[in-house]
Amino acid sequence: MRLHRNLVFTVIDSILAIFNDGEYADKMVARALKKDKRWGSADRKFVAETIYEIVRWRRLYAEIAEVKDPINRDDAWRIFAVWAVLRGYTLPDWKYFENTPERRIKGRFDELSKIRKFKESIPDWIDELGVKELGEEKWTKEIAAQNKQASVILRVNTLKTTRQKLYGILMDLDIETIMPEEYPDALILKERANVFLTDAFKEGLFEVQDASSQLVARLLDVKPGMRVVDTCAGAGGKTLHIASLMENKGQIIAMDIYESKQKQLKIRAKRNGAFNIEYRIIEGTKTIKKLHDKADRVLIDAPCSGLGVLKRNPDSKWKLRPEFIEEIKEVQAQVLQDYSKILKSGGKLVYATCSVLPSENEKQIEKFLNSEAGKDFKFIEDHKILASESGFDGFYMALLEKK
Ligand SMILES: C[S@@+](CC[C@H](N)C(=O)[O-])C[C@H]1O[C@@H](n2cnc3c(N)ncnc32)[C@H](O)[C@@H]1O
């Protein structure tokens, strides 16, 4: 295996921007891939995967390379050399690799792999929090599972096609997929591919959405003709799923506090042919009060730590702060209090997060049910999905019914 200079330089520039300037890994990867139109698919794969891997294993590699934050360009080369040695590359005779201690790198890797926070490359505080919340055994398995590369999973847009038809369309493009039985709207790619370039995507036949996330709209048990309020709709992954389950009949009110996200949802809804969505920005209590007792279904896909989706966002390990988790828990409790009032009697509410921490999940539901606002609600069921058990993202979803 040979290393190509311009590809490696791109990786070095990208990891420096992610580590030092707080840039998001997915944005930097997208930018890096635009750099040279002559790159073939193997080159693009090398750039994207290497950036993600170095971000994912940052702590382990930095420890082996003996570099500390802030990382300068020489440090980035040392980290890259660790990656290359551990991946089995023969280092070329570039000046950056002079005196790379290859045997020592392998020895340090074996030593550090015995300590979870290095082996799994996580900050001390996340490791401690994981143990506190899930217990040593579950957390060890969970963080290992969340360090694996995520599969590419599609959600079939049944407003425009069926799973069987889309399977065939993709097969004709040499994109092989699997139809998992327990996830009726999902197709899982056998090998990674840039599905966004296909006409099938441009025509809105599918969206990319993790399998665990696809269970949320199903749990909400929506039916055509209902009025459904998606209170934290963001860019609308679940709104669009709800629209397809409602066959475009009835009304979906998609809300968020950020207009920028709603703009993305509008573009996606157009592509999906989802016409029954109304958009509202939450500007204060007024927006919510107007909807009190009005909805058959309410989804609260709450903002959270994201400690269920590290596979997809490995850089968030380094961006998250303990204070943020404390703040977001307050928001979760508040939105449960406020948005549950939108539901009609006899209606159903789903509270969901992409976190595996009980304090953001079942504990929030317990607290809500014991509060004044929660007295009108009955707990129906919940699902605590761990990446280590499902193979997909870590998620939580609880179904409540208003008496
Ligand atoms: C987990 S994300 C939503 C993901 C989205 N439902 C999807 O399926 O693609 C949580 C969303 O809640 C929004 N948010 C944060 N605080 C909020 C609040 N107080 N009320 C409503 N939405 C809020 C965020 O902007 C973010 O878009």
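Using N, Cα and C of the backbone, Cβ positions are placed for all residues, glycine too.
The active site, nucleophile feature in TrEMBL is assigned to Cys354. Cβ contacts within 10 Å of Cys354 (active site, nucleophile), excluding its own Cβ and spanning all protein chains shown: 26. In three-state terms derived from DSSP, Cys354 (active site, nucleophile) belongs to neither a helical nor a strand segment and is classed as coil.
Under the DSSP three-state reduction, Asp301 (S-adenosyl-L-methionine binding site) is assigned to strand. Applying an 8 A CB threshold to same-chain residues 6+ apart, the list for Asp301 (S-adenosyl-L-methionine binding site) reads Val216, Asp230, Thr231, Cys232, Ala233, Gly234, Lys238, Ala352, Thr353. Annotation comment: TrEMBL describes Asp256, Asp301 as S-adenosyl-L-methionine binding site.
Mean model confidence of the domain 'SAM-dependent MTase RsmB/NOP-type' (142-403) amounts to 97 (pLDDT, 0 to 100 scale). The domain 'SAM-dependent MTase RsmB/NOP-type' annotation in TrEMBL covers 142-403.
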Chain-internal residues, separated by at least six, CB under 8 A from Asp256 (S-adenosyl-L-methionine binding site): Cys232, Ala233, Gly234, Gln262, Ile281, Ile282
